[in-house]
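Trainee: Take a look at what TrEMBL says about it:
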- 33-249: domain 'TLC' (DOMAIN)
- 1-17: signal peptide (SIGNAL)
- 76-98: transmembrane segment (TRANSMEM)
- 119-139: transmembrane segment (TRANSMEM)
- 145-167: transmembrane segment (TRANSMEM)
- 179-198: transmembrane segment (TRANSMEM)
- 218-238: transmembrane segment (TRANSMEM)
Amino acid sequence: MLLTLAWGALFFPGLFALCTWALRRSRPGWSRTDCVMISTRLVSSVHAVLATGSGIVIIRSCDDVITGRHWLAREYVWFLIPYMIYDSYAMYLCDWCRTRDQNRGPSLTLRNFLSRNRLMITHHAVILFVLVPVAQSLRGDLGDFFVGCIFMAELSTPFVSLGRVLIQLKQQHTLLYKVNGILTLTTFFCCRILLFPFMYWSYGRQQGLSLLQVPFSIPFYCNMANAFLIAPQLYWFCLLCRKAVRLFDTPQAKKDG
């Protein structure tokens, strides 16, 4: 546990520093803000690949969705903790750089940062103070399969990150940006929305229940926890859909005008 925490505490900040240094050396025309923000996206993508890979290994290793075990289900959570702490700081650093470059009003304060990123900070806090204790202690030796499913939710992150990098580089009108947008919507919908019906279906298949019977055969708090987890995902998916509509409506609007 302590070794994994230490590795995570060194790995993510170290990778961020290395990416920032490499970008500043290889792209002298880019500002410090550009390098910092792109490095943040790269680190997020690396974490997403590691989490998704861990999720795939766990899911494939658990023949029983309740009692199946794999060591990564616990070990990667310890690696996740320093990432969440790092990512919160990285979010603040990106906001601070943007505010400094815009030269509008006073410098970014912690209060303004928390207000501006309320949902994401809440998301990080819930993972650290609710999901981590549940995953490591409260569930006992059960449910590694479902932990692996939750890890799979990170599959969409590299596509989200690439989209933001392309916007930052003013490439939002390219074919790559549009293809990436389709992949973002697809992976987000499959791994953050359909993920929850999939977990219900997997449990029902093993217990001989239909998908509609599962919510009435599991503890009420499990349904509430899933509802709490899927709610922000639905909100973010709606935001992604609105951006996609604006993106694909723009050429037609120009043509009609």
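Any Cβ shown, glycine's included, is placed from N, Cα and C.
Small disclaimer: the values here were computed from a predicted structure and weren't measured.
Thinking about packing and proximity, how do these listed features fit into the structure?
Mentor: Tertiary proximity for the transmembrane segment (145-167) is limited to same-chain residues at least six positions away from its ends with a CB under 8 Å from its CB atoms, namely 37-38, 41-42, 44-45, 47-49, 51-52, 54-59, 62, 64-66, 68, 70, 72-73, 76-77, 131, 135, 174, 176-177, 180-181, 183-184, 187-188, 190-192, 195, 198-199, 202, 233.
Residues 149-150, 152-156, 159-160, 162-163, 166, 211, 226, 229-230, 233-234, 236-237, 240-241, 243-244, 247 of the same chain lie 6+ residues outside the transmembrane segment (179-198) yet bring a C-beta within less than 8 angstroms of a C-beta in it.
Tertiary neighbourhood of the transmembrane segment (218-238): same-chain residues 119, 123, 126, 134, 153, 185, 188-189, 192-193, 196, 199, 203, selected by CB-CB distance under 8 Å and a gap of 6+ residues from either end.
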Trainee: Who are the chain neighbours of the transmembrane segment (119-139) in space, where the CB to CB distance is under 8 Å and they lie at least 6 residues beyond its ends?
Mentor: 73-74, 77-78, 80-81, 84-85, 87-88, 91, 147, 150, 225, 228, 232, 235
